[in-house]
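Here is the structure we will look at, set down as structure tokens.
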Amino acid sequence: MMQPEKILGLIGRNIAYSRSPLIHNTACDLLALPYVYTIFNIASADLIEPAIAGARALGIAGLNVTTPYKTTVVPFLDELSPEAASIGAVNTIVNNNGHLAGYNTDIAGFAAPLRPYAQRIKGNPVSVFGNGGAALAAIEAFRIFFHPCCVYLFVRDSAKASAMLENYVHRDIVTLCLIEELFSGESGAIAKIQRSLVIVNATPIGTAGRQNETETSILPLDTELLHPDHIVYDMVYNPLFTPLIKAAKASGAATISGIEMLLGQAARSFELWTGKEMPLEQVRAVLINNLLSSP
């Protein structure tokens with residue numbers, strides 16, 4: 001058996017559910033590459049600096065970064081790619097002999113399945129739910145690739161969202177909106193959703209087994225607002241058919257599953273680390289089979 005020569009991994013909090021190890025280890029096995037991908041659960045933000053220092057010292061070849069640390073890691077890296085610098089969020093770290101470079105592959109990963117709708121999106125409003133790094137990646141992808149007239153960013157905490165946007169150079173395309181206004185029936189908020197061509201869930205709401213007291217619904221919005229002209233994009237990938245995706249299909253809307261972004265960003269990260277193209281369709285088949293067989 002080939003002994004792993006290089007370590008890859010995912011840092012985040014409460015990430016035992018992640019399918020990233022399945023994706024990357026499958027790809028490495030298919031290509032007979034001497035890498036192993038594992039999970040590094042980081043309990044709190046104050047441990048990020050020593051964790052990054054440890055990765056540097058131990059020669060870990062590369063890392064993915066997920067919620068809630070995509071912005072936290074930035075000060076501890078040596079270099080940022082242009083797309084990571086533009087939103088101040090990193091989801092991929094490459095270790096080149098102790099020099100740590102941060103990238104954001106979420107942007108291209110998010111954009112890929114939306115490309116068939118590019119002409120429809122141009123000049124129309126879109127809505128994004130969330131106030132973390134994934135939401136920022138979606139906003140930047142819309143700006144770079146699709147040119148909507150504006151992005152309605154629906155959040156629960158406007159102060160937190162304002163802080164997130166503070167260093168985002170292109171924040172003028174974003175209009176902050178409160179999710180509570182949707183659920184209370186505020187007409188302006190409802191009109192924004194109805195006018196939006198694309199609706200994106202960039203929150204964990206709908207993730208299998210994750211509902212808690214602060215997420216009283218398994219849906220980010222009242223799905224009665226959905227209509228056949230919408231394109232509904234749920235970044236959640238487990239379950240494969242989330243409550244939002246099911247409701248969107250029932251309304252006649254076009255839908256995009258979270259596995260598309262998951263695989264898109266993973267393929268780019270994999271290429272940055274290994275210099276090889278991920279065997280995407282074979283990995284997709286393994287991932288879908290795993291998700292469908294999960295309880």
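The backbone N, Cα and C atoms fix where each Cβ goes, glycine too.
As the structure is a computational prediction, the values presented were derived from the model and not from experiment.
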One of G102, G206, G258 listed by Swiss-Prot as binding NADP(+) at the site of G130, N131, G132, G133, A134, M235: G258
From R19, S20, N131, G133, Y237: binding-site residues whose CA lies within 10 A of K70 (active site, proton acceptor): G133
For shikimate: widest Cα to Cα gap among S18, R19, S20, T66, N91, D106, Y237 in Å: 17
Most Cβ neighbours inside 10 Å, all chains, among the binding-site residues A134, M235: M235
Binding-site residues near A134 (NADP(+) binding site), in sequence order, restricted to S20, T66, N91, D106, Y237 and a 10 Å Cα cut-off: T66, N91, D106
